[in-house]
């Protein structure tokens, strides 16, 4: 009799997170801090880097897959493909750069266009909270935008690690809740189809 195989990575729930935002706002720094507990200040502009990690989410072991996309306009054309594969989005700007905050509206619009879903799991993230003296975007301004979009707003610092775990775990919870919701809807449709089929069969017998 074969021994039971240990639970492999393939059987763990996988949550796919996409990092979006302008170049230089700290998307890669946040990702690397979450993955490796390291702050990397000088980082080459990313085309797209993918990371995977096992974490414990509310007592359950899961995998998170993080795709760190490029902020530069040169790569805008290939973003659609990345967005299609994502289940949730961390939309990052720097609190020290108003332009990067303004750009979040374009990223949000592009995501909604590709996903065709206004309720896609999404967090607005104001990074570089350690640079309070250089702040250009007020908390109130960012929260107002998040409220308009019906999403949560969190400020982070990749340097001090403030709220880094929080944004990834909060987004994973949103993704998980969405999957459960979709699964219920799917099962409901299957039950309705099955019931309709039984009614049709009964009508044929009669």
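Every residue, even glycine, has its Cβ placed from backbone N, Cα and C.
These numbers come from a predicted model, not from an experiment.
Of the given residue ranges 43-51, 52-60, 61-69, 70-78, Swiss-Prot assigns the label motif 'Effector region' to 43-51. In this view, residue 21 (GTP binding site) is surrounded by 26 other Cβ atoms within 10 Å of its Cβ, with every protein chain counted.
Set side by side, the binding-site residues 69, 129 differ in how many other CB atoms lie within 10 angstroms of their CB, and the most is found at 69.
Residue density at residue 24 (GTP binding site): 15 other Cβ atoms are found within 10 A of its Cβ, drawing on all protein chains shown.
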